[in-house]
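For reference, TrEMBL has these:
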- 15-489: domain 'Major facilitator superfamily (MFS) profile' (DOMAIN)
- 17-40: transmembrane segment (TRANSMEM)
- 52-72: transmembrane segment (TRANSMEM)
- 84-101: transmembrane segment (TRANSMEM)
- 113-133: transmembrane segment (TRANSMEM)
- 154-171: transmembrane segment (TRANSMEM)
- 191-209: transmembrane segment (TRANSMEM)
- 245-264: transmembrane segment (TRANSMEM)
- 284-305: transmembrane segment (TRANSMEM)
- 317-336: transmembrane segment (TRANSMEM)
- 401-423: transmembrane segment (TRANSMEM)
- 435-459: transmembrane segment (TRANSMEM)
- 465-485: transmembrane segment (TRANSMEM)
Amino acid sequence: DVVESQEHYKSRWRSIWIMYLTMFLSSVGFSIVIMSVWPYLQKIDPTADASFLGWIIASYSIGQMVASPLFGLWSNHRPRREPLVISTAISVAANCLYAYVHVPRAHNKYYMLTARALVGFGAGNVAVVRSYIAGATSLTERTSAMANTSACQAVGFILGPVFQTCFTLIGEEGVTWKFLCLQLNMYTTPVLFGALLGVINIILIFAIFREHRVDDMGRQYKSINSDGEGSDVLDQNTEGSIDHVAVVALNILFFVILFVFAVFETIATPLTMDMYSWTRKEAVFYNGIILSVIGIESVIVFMVVKTLSKKTGERAILHAGLLIVLVGFFILLPWGKKLPNIQWQEIKNNSIPRTAPSEMLAPFWSLTELQLPSNHTAEPVGCPVTQSWCLNTPMIYLAQYISSDVLIGLGYPVCNVMSYTLYSKVLGPKPQGVYMGWLTASGSGARILGPVFVSQIYTHLGPRWAFSLICGVVVVSLLLLEIVYKRLIAFSVRYGRMQE
């Protein structure tokens with residue numbers, strides 16, 4: 001056996017920390033502009049409507065879904081530094097393009113769509129990051145490393161809007177550099193800041209990142225994508241086939257986990273506007289606070305789950321996480337007798353014209369941004385009569401909503417970390433780039449389909465149907481987990497090289 005040297009250990013963990021940073025910057029690249037996309041789009045291209053905004057938001061996930069398997073395949077056969085640098089450079093270039101989408105005289109919205117799709121394409125390096133961490137950690141280190149990776153991703157999602165808020169101090173006009181045709185304002189400065197972070201990330205990858213591989217017991221060995229570093233190591237033992245039933249099952253479970261969380265994020269604003277008669281501004285503000293608290297809760301959960309998994313094992317924790325999510329959505333079902341305030345009653349009392357049916361059928365993101373004509377002195381609030389279920393479906397009490405938020409904020413991070421950890425352990429010592437790419441792609445697909453699903457079901461059938469179907473999906477996923485439970489073991493354990 002080749003015992004890992006202290007120098008190799010330090011270099012390996014420095015490289016893992018660079019992967020944490022890459023994951024953090026990837027999530028910042030998504031969230032740093034999410035609050036300002038709609039006003040910026042309206043400013044640069046008045047022809048863009050709310051439905052086009054939906055495509056711009058979805059384009060990030062579409063780009064990531066396409067890129068993840070490609071970068072994963074690349075990382076299986078070449079040094080990982082190559083796809084990491086190229087993907088980060090694509091994100092930097094895409095952010096710079098976003099800063100210049102105001103320059104063309106026409107079709108500006110399509111340039112913005114392209115820029116966001118390319119940022120998502122660059123974020124496909126998540127597959128490379130996860131596969132590297134899986135290969136550079138032993139089984140005892142894996143859960144902790146995957147939890148840290150997810151925590152860095154969550155912190156990026158939290159801090160992105162914070163950075164955006166700070167940059168609003170610059171204002172809409174800001175400063176214009178005519179010789180560069182560049183406007184530094186509250187819309188462009190965040191993406192340029194993101195581009196700067198990307199350049200720093202590239203420099204650190206070149207300066208610090210090194211290829212390292214260890215087996216499940218922590219012994220170093222040479223990887224197929226090694227660039228010559230660490231030649232005095234064991235050849236990797238990859239005898240044995242991967243359990244593809246377990247791999248497919250975990251992909252399905254991961255899709256369900258991200259699907260239900262995307263539904264939860266999507267439904268928050270329209271649900272609270274309908275149930276509690278919140279205005280658009282109130283819904284965005286209060287839900288922003290709630291989502292920030294959930295983000296902090298998730299980071300804490302990521303840290304706690306590292307210790308808890310050593311006592312109970314990853315499979316049991318994944319099972320518990322899915323049960324918590326199920327309870328969270330079950331609580332959201334309308335149980336009382338009180339009906340929500342109907343918008344037409346408010347309209348009658350305040351002499352405000354009724355919201356058009358076409359507006360109420362718009363995608364969820366438009367519900368927070370619809371503009372009233374200038375002659376309206378107030379905003380219609382309550383559950384719109386155009387949604388027929390408002391007339392006979394009991395309201396969801398605020399205590400139900402808050403309790404559900406807390407439970408989903410607890411169950412989702414648990415399921416997220418355990419899915420990645422179990423997936424990497426099932427795959428074993430073979431290069432995991434492509435497999436991690438497919439897992440990332442399934443998550444991106446869930447984030448695309450979740451909003452579409454819930455916006456249609458909720459609008460036409462109401463919360464009772466929407467949340468009942470989600471509960472059904474989670475129950476099916478729990479049954480699937482029970483069926484494959486005994487197969488979700490580490491590759492080395494499966495072939496008798498290690499004790500579970």
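Placement of Cβ uses the backbone N, Cα and C atoms for every residue, glycine included.
No curator has checked TrEMBL annotations; they are predicted automatically.
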Tell me if the transmembrane segment (113-133) touches the transmembrane segment (52-72). I count contact as 3 or more CB pairs below 8 A, with pairs 6 or more residues apart.
yes
Restricting to CB pairs under 8 Å, which listed stretch, 154-171, 284-305, 317-336, 401-423, is in contact most with the transmembrane segment (17-40)?
154-171
I'm a bit unsure how to read this: which one of 191-209, 317-336, 401-423 has the highest number of Cβ pairs shorter than 8 Å with the transmembrane segment (245-264)?
401-423
Any chance you could find the range in 84-101, 113-133, 191-209, 401-423, 435-459 with the most Cβ pairs under 8 Å to the transmembrane segment (317-336)?
401-423
Can the transmembrane segment (435-459) be said to touch the transmembrane segment (191-209) if we require at least 3 CB pairs below 8 Å and skip pairs under 6 apart in sequence?
no
Near the transmembrane segment (84-101), which residues from the same chain, at least 6 beyond its ends, have a CB less than 8 A from one of its CBs?
22, 25-26, 29, 33, 44, 67, 71, 108, 111-112, 114-119, 121-125, 128-129, 181-183, 188, 191-192, 194-195, 198-199, 201-202, 205-206, 209
